[in-house]
Amino acid sequence: MARSINLAVIPGDGIGPEVVAQGLKVLEAVLPADIKVETTRYDLGAKRWHETGETLTDAELERLRGHDAILLGAIGDPTVPSGVLERGLLLKLRFAFDHYINLRPSRLFPNTASPLAGDPEIDFVVVREGTEGPYVGNGGSMRTGTPAEVATEVSLNTAYGVERVVRDAFERASARPARKLTLVHKNNVLVHAGHLWTRTVERVGREYPDVTTDYLHVDAATIFMVTDPGRFDVIVTDNLFGDILTDLAAAITGGIGLAASGNINPGGEFPSMFEPVHGSAPDIAGTGKADPTATVLSVALLLRHLGHETEAVRIEEAVTADLAERDGTARSTDAIGDALAARVAG
Ligand SMILES: NC(=O)c1ccc[n+]([C@@H]2O[C@H](COP(=O)([O-])OP(=O)(O)OC[C@H]3O[C@@H](n4cnc5c(N)ncnc54)[C@H](O)[C@@H]3O)[C@@H](O)[C@H]2O)c1
Ligand SMILES: CC(C)[C@H](C(=O)O)[C@@H](O)C(=O)O
Ligand SMILES: [Mg+2]
């Protein structure tokens, strides 16, 4: 366990800088005096793109590589064409640093309101593939802008890429009490990729006889996530399905303002990157309405990844206590950050 953390911080756009400020506040408060955190801020995002036309240079990528981990707020801005920052910055980082595990825990904290009826027990984790699928940029457009336009976006699925994420998901499932793994795909239509995923889960699953496996088509998975979320323990799924399912998962567990994620490079060859599931929320940027809890919980995932389990748990307990005391009174981003920092410090 490192006694110092060399952290890269990418606040980004919209509410990104607002929530990252709270994440850093809580990080500083939770660490004991003998663990030092050194942060380097990278001002990437819309402003930088407008000024220079750059999203992320190779030199910056090289410098980022030298950090122990990255904390990212959110990127994306209405003044920048859709996809420029998402692909040129966020996905570039995930791909360059081989973040093939996109880990998205979904837990309904005690006393937190879910839009679902009753009082559902929700505690599952989505292991979303992070470097393949339809996200690879394997596509193009011909006769662009004409009535004869043809556009493609081809999903890439390699045996290597699918197996490594499936193995990771089985490892996580076997370490959890319910020991259940659900593959979510669409193998009735996407038969080539879908059957590769299905066969891989069957084959790797033989090495994990104590883990129960099942399969759901992604459309049916959205039904069960609303009608019976307790059936899920570990979900393993492709990059795009995982993106969509985890916004839904956030919605049923108290909202997108609470959903944390980690883009993990398990071997540690590259720094892993932690970020809330949500985006830059231009509709509320600058209003102080953004909930920083998702970022604070992402800091907990970051600390756990670096071996600081005690501090990670302390943050999660502080969030649990904070959520339990919420009574509907509006609190600012800053006020929530202050409250969480005070809890972890005390
Ligand atoms: N990881 C990322 O950086 C990331 C993730 C998703 C979207 N984006 C980008 O963000 C921009 C906006 O995307 P979008 O509107 O589809 O999704 P979004 O997640 O930014 O916002 C969706 C809704 O959730 C609300 N919301 C989001 N975060 C919140 C928080 N912390 N507290 C309270 N409410 C919150 C927003 O106000 C909005 O109503 C786009 O450019 C998109 O590409 C970036
Ligand atoms: C902004 C976008 C590239 C990103 C994704 O699709 O992975 C976001 O939606 C997320 O969930 O982190
Ligand atoms: Mg998303």
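Cβ coordinates are placed from backbone N, Cα and C, and glycine is handled just like the others.
So that you can see what the record holds, here are the features copied from TrEMBL:
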| type | residues | note |
| --- | --- | --- |
| DOMAIN | 6-340 | domain 'Isopropylmalate dehydrogenase-like' |
| BINDING | Arg94, Arg104, Arg128, Asp219 | substrate binding site |
| SITE | Tyr135 | site 'Important for catalysis' |
| SITE | Lys186 | site 'Important for catalysis' |
| BINDING | Asp219, Asp243, Asp247 | Mg(2+) binding site |
| BINDING | Gly279, Ser280, Ala281, Pro282, Asp283, Ile284, Ala285, Gly286, Thr287, Gly288, Lys289, Ala290, Asp291 | NAD(+) binding site |
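Positions of TrEMBL features highlighted on the structure.
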residue	record	Cβ within 10 Å
Arg94	substrate binding site	20
Arg104	substrate binding site	25
Arg128	substrate binding site	28
Tyr135	site 'Important for catalysis'	21
Asp243	Mg(2+) binding site	18
Asp247	Mg(2+) binding site	14
Ala281	NAD(+) binding site	22
Ala285	NAD(+) binding site	19
Lys289	NAD(+) binding site	16
Asp291	NAD(+) binding site	25
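Taking the C-alpha positions, the distance from Lys186 (site 'Important for catalysis') to Asp219 (substrate binding site) comes to 8 Å.
Candidate recorded positions: Arg94, Arg128, Lys186, Asp243, Thr287, Asp291. Those with a Cβ under 6 Å from ligand 1, in sequence order, are Asp291.
Annotated pair Thr287 (NAD(+) binding site) and Asp247 (Mg(2+) binding site), C-alpha to C-alpha distance, rounded: 22 Å. Same-chain residues with CB within 8 A of the center of the Asp219, Asp243, Asp247 CB atoms, the Mg(2+) site residues themselves not counted, are Val218, Thr222, Leu240, Phe241, Gly242, Ile244, Leu245, Thr246, Leu248.
Under 6 Å, Cβ to nearest atom of ligand 3: this is the test, and of the binding-site residues Arg128, Asp243, Ala281, Asp291 it is passed by Asp243.
The two recorded residues, Ala285 (NAD(+) binding site) and Arg104 (substrate binding site), show a Cα separation of 24 Å. Site extent for NAD(+): the farthest pair of Cα atoms among Gly279, Ser280, Ala281, Pro282, Asp283, Ile284, Ala285, Gly286, Thr287, Gly288, Lys289, Ala290, Asp291 sits 15 Å apart. Candidate binding-site residues: Arg94, Arg104, Asp243, Asp247. Nearest to Ala281 (NAD(+) binding site) by Cα distance: Asp247. Within 10 Å of the C-beta atom of Lys186 (site 'Important for catalysis') sit 19 other C-beta atoms, taking all shown protein chains into account.
In this structure, Asp243 are the recorded positions from Arg128, Lys186, Asp219, Asp243, Asp247, Asp291 whose C-beta falls under 6 Å of some atom of ligand 2. For Arg128 (substrate binding site), the spatially nearest entry among the binding-site residues Asp247, Gly279, Asp283 is Asp247, judged by CA separation.
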